[in-house]
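So that you can see what the record holds, here are the features copied from TrEMBL:
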type	residues	note
DOMAIN	21-319	domain 'BBS7 beta-propeller'
COILED	335-369	coiled coil
DOMAIN	377-486	domain 'BBS7 GAE'
DOMAIN	494-596	domain 'BBS7 platform'
DOMAIN	599-712	domain 'BBS7 helical hairpin'
Amino acid sequence: MEPSLARVDYLQVGVTAQKTMRLLPASGKKATQKVVVGDQDGVITCFGIKKGEAVPVFKTLPGPKISRLELGGALNTPQEKIFVAIGSDVRGFTKRGKQFLSFETNLTESIKAMYISGADLFLCASYIYNHYCDCKDQHYFLSGDKINDVLCLPVDKVNCITPVLACQDRVLRVLQGSNLLYEVEVPGPPTVLALSNGNGGDSGEEIVYGTSDGKLGLTQITGTKAIPRWEIGNEKKRGGILCIDSFDILGDGVKELLVGRDDGMIEIYNFESADDPVLRHDYALSESIASIQGGCVGKDGYDEILAATYSGWLTGLTTEPVHREGGSGEELKLSQEMQSKISSLRNELEQLQIKVLQEREKYQQSSQSSTAVSSVPAFSVNDKFTLNKDDASYSLILEVQTAIDNVLVQSDAPLDLLDVDKNSAVVSFSSCDSEPNSNFLLATYRCQANTTRLELKVRSIEGQYGTLQAYVTPRIQPKTCQVHQYQIKPLSLHQRTHSIDQDRPMNTLMLKGQFSFAEIHSWVVFCLPEVPEKTPAGECITFYFQNTFLGTQLETTYRKGEGYFKSDNISTISILKDVLSKEATKRKINLKISYDVNEESVRHTLKLIHPKLEYQQLLAKKVHLIDALRELQVHEGNVDFLLPKYRSILEEADQLLEEYKRQPAHLERLYGMITDLFIDKFKFKGTNVKSKVPLLLEILDGCDQDGLIAFFDAA
């Protein structure tokens, strides 16, 4: 049965962070629950719903922003104490709003993640995990990469404290005390953790994770190893997962999985086929879902899903029917309750309009006086710049608490702007003068009214690096703008991976010199994405990467005084050699550079590129034929006389044009990569072959793999 859910907007608070809204336990079986939410103005708001109106229970004074909100209490009792993380402190409140705890932790950074189990408090800053029991320090762990979330398996089921950290390097770290028990590899950077079924399942060992690239999975955390149970990919290319809850919204006696994503999508997964969940229902809001909970909020006996969005809206999807059916032939009439609600909203709107006019006049008068002081209105921007593995492009997501007027995008590195289906903004390009100012991209996105979220896609060229800048201007007066910067790295299309194929033919670059571990680590951070900025613990570190565009790979191993870089793509080694020697020269460090080039690797890379090249050339040829074939169709009226391959081009014309439009300059990129591969192969031999590039381009137009390999061998 498809769930019938109606949307209800209850209340708006300030901007909210991830996992800062919870439902307090109900007093009776189907009684309504109170909602508690913390915002970035530092205000905790607790309210209930009576006759469709939000009735406050308590509200704290503004202060530093709240980064997490959790419920706690003694084990096996209702969890109705409210705990919030503010900076590096934890504060506790009763359900009536009385503060009973103010705990100053020994963390030097702000708390990013928090979990509470009985008297145990688990806190994480960017890289540091701390466990406290009754506010006394128990355990400490330094993670190899940023920590995004933390939870602990239920102590009453597993009989020991087992914390699990969700880390940015695509790993779940399972701890025992202050030590790492083992690591669990997951398919993307995990952003959120939740106990399966709300209690860890029958064994208490099952946890659900969501990743920043939209994947969902369940794994069982045993005492010695992890057992993966199921995994759901992101086939529909939806946003990253920010929050997860378990609740029986369908009323079938089995808890569904509720998922909130950063593109505003709410999803309900049902476990009808025993093990693997099935997507049963989804609902789109216009902004990211920061928190999600299932419960009874609006009316006794009617369950609903409550979501807190980035801009602070608390929105319910309720099972309560919105319209009451009238008798046969009768018109549906609005209930007395609904009419009075509409009337009060109209009055409130009129009062707000009068207040806005008064404040605007006051501002105009004060701005024209001789003692006027200009004030810039502050606004929050939630931004995310991530590499998509599927199409080797970067997604830039900008979300503002108020409507966006326009966004200006500028880059000093060559970038292609790609089409985004969800994007309704009008884009206009300005001509750029790339020579004196290194200005390669200048584009303006003009947004439609009430657009608070904008998604852009760009594709970079490896070896050409710089900064992408986004100037965000919201629809507020006086006009103000925020600039956000994003680094385009030399090896920008590489993504971290857990392992690589060691049987491929590899080229090796070796560096030796008087540099520290921290210095060479900072160079690797400068060159490659997804490397933690903090210098790793220990004396030596190895990272693995995969090129999302070509599928080539890279292994980096380095320590104080030496570094080894292995790749099956000679162009990757060439880029690293140029950038690393440049960085070392800046710091006046002498490098001894040596390399070992494997001739077979060039053929191997060409074989990886060739299927993509063939496909893109065929696509380009088909697209160029479409206009002529359509003209022929108009003149002749019938295309039965055409060969089947030409008829199929006409039938698939719209899809072909859409695909070609979605990937501009794709063919040129592949030509550029093969040209770079050709130049780099001979550069390591000390030969300049730039004069032979026109001949190479002629061979590429012919698209003959054997001829191409022969040309590389003979040149």
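Any Cβ shown, glycine's included, is placed from N, Cα and C.
Ranked by Cβ pairs under 8 Å to the domain 'BBS7 GAE' (377-486), the stretches 21-319, 494-596, 599-712 are led by 21-319. Sequence-distant neighbours of the coiled coil (335-369) (same chain, 6+ residues past either end, Cβ-Cβ under 8 Å): 51-53, 324, 477.
For the domain 'BBS7 helical hairpin' (599-712), DSSP puts the residue distribution at 95 helix, 0 strand, 19 coil.
Over the domain 'BBS7 platform' (494-596), the average per-residue pLDDT in this prediction is 92.
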